[in-house]
Amino acid sequence: MTSPARDPGLQPERTALAWQRTVLGVVLGSLLLAAVNLRVGQPVLSVLAGLLAVATLVPAVLRPPSGGLPRDGVLRSWDFLVRVASLVGVLGLLGAASAVVSLV
């Protein structure tokens, strides 16, 4: 007896929307960090934060995450998820660098 076909329901859409919100958060955080660094007088960190925003937004627009699992259970958008997660880490490091430079 075979198992019934998997019905993903709305989970793939929710997953894709969640990662789109994450991308939007990274882009807005990067732009905010760029504006703050520019205002404080740290143009190098401002340019790096702007580049981070572009590096996050361009791949997300060119190839958005599909979300969900196909029938074989392997995540299709794994490379996108890893890229966004690493960009979130870079944003955190840029924020920490900005705070350290401001304190010095």
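For all residues, glycine too, the Cβ spot is worked out from N, Cα and C.
What TrEMBL says about this protein:
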- 7-58: domain 'DUF202' (DOMAIN)
- 18-36: transmembrane segment (TRANSMEM)
- 43-62: transmembrane segment (TRANSMEM)
- 82-103: transmembrane segment (TRANSMEM)
Field: For the transmembrane segment (18-36), sequence-distant contacts whose Cβ falls under 8 Å of one of its Cβ atoms, 6 or more beyond its ends
entry: 45-47, 49-50, 52-53, 56-57, 60, 64-65, 67, 77, 80-81, 84, 87-88, 91, 94-95, 98
- request: Would you mind splitting the domain 'DUF202' (7-58) into helix, strand and coil residue counts from DSSP?
  value: 46 helix, 0 strand, 6 coil
